[in-house]
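Quick look at what Swiss-Prot annotates:
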- 20-45: region 'Disordered' (REGION)
- 22-43: compositional bias 'Polar residues' (COMPBIAS)
- SER38: phosphoserine (MOD_RES)
- SER40: phosphoserine (MOD_RES)
- THR41: phosphothreonine (MOD_RES)
- SER44: phosphoserine (MOD_RES)
- SER116: phosphoserine (MOD_RES)
- 120-129: compositional bias 'Polar residues' (COMPBIAS)
- 120-145: region 'Disordered' (REGION)
- SER135: phosphoserine (MOD_RES)
- 135-144: compositional bias 'Acidic residues' (COMPBIAS)
- SER143: phosphoserine (MOD_RES)
- SER146: phosphoserine (MOD_RES)
- SER153: phosphoserine (MOD_RES)
- SER174: phosphoserine (MOD_RES)
- SER195: phosphoserine (MOD_RES)
Amino acid sequence: MNVTVTVYDKNVKYRLEENIKNNKGPSNDDQPAYNNESKSTDGSDYAMFPTNIKYIFEDNNDELVDSSDAALTAGIDKVGDELENVIIVQLDESGSLEDITLISDQYELLSHRTNSLSLEENQMRTLSSHGDDKSNDEEEELSVDSDRFRVDSDIELDVISQFCDLSPFLRDLSLNDLIKLYVTQNEQLQMLSNSV
């Protein structure tokens with residue numbers, strides 16, 4: 001099973017920084033600029049790809065889970081490493097997302113999305129990629145093993161980083177743009193308070 005995790009920081013400061021870097025204010029054509037529903041395609045998100053994965057474990061219900069400090073920090077060098085942000089992804093046996101948790105002092109989880117290929121789509125993709133290797137004259141059948149027919153999941157997290165002073169970015173914004181900005185921040189705060 002392949003799991004890809006992408007984290008999008010929805011903090012409005014990134015959109016404001018982009019506007020200043022491009023030496024332009026938000027235009028009327030740029031409607032989703034401060035919209036909470038905007039995706040990375042409009043450039044309003046700061047995308048991060050977690051790569052410092054220390055350990056992955058499977059919880060087997062038949063075994064006693066070791067919850068000691070040594071087990072929970074396996075693979076972490078006490079002197080050189082310090083965990084800053086932890087994303088816990090719980091998948092069931094079929095690879096479907098059961099739960100996701102973000103433990104962080106710098107970020108709060110707003111929402112998450114999954115985009116999983118079904119088993120049939122994975123099988124078709126695998127068969128078509130291996131189809132060139134087999135000739136039609138051979139009567140061999142492709143065996144179904146767990147390595148070749150796995151479920152691939154893309155998990156996207158929308159997070160919000162700590163609010164910061166935006167006053168240097170706000171000087172050239174119109175009243176309409178300021179209203180959109182504060183509406184977006186209020187929606188984000190409402191999502192956070194609803195999750196508590």
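The backbone N, Cα and C atoms fix where each Cβ goes, glycine too.
Where Swiss-Prot records a feature, it is marked here on the structure.
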{"residue": "SER153", "record": "phosphoserine", "DSSP (3 states)": "strand"}
{"residue": "SER174", "record": "phosphoserine", "DSSP (3 states)": "coil"}
{"residue": "SER195", "record": "phosphoserine", "DSSP (3 states)": "helix"}
Practice task
Using C-alpha atoms only, work out the spacing between SER195 (phosphoserine) and SER153 (phosphoserine) and round it to an integer in Å.
Solution key: 24
Problem - Residue among the modified residues SER153, SER174, SER195 whose Cβ has the most other Cβ atoms within 10 Å - result: SER153
Fill in the blank from the handout: Whole-Å Cα distance, SER174 (phosphoserine) to SER153 (phosphoserine), is 41
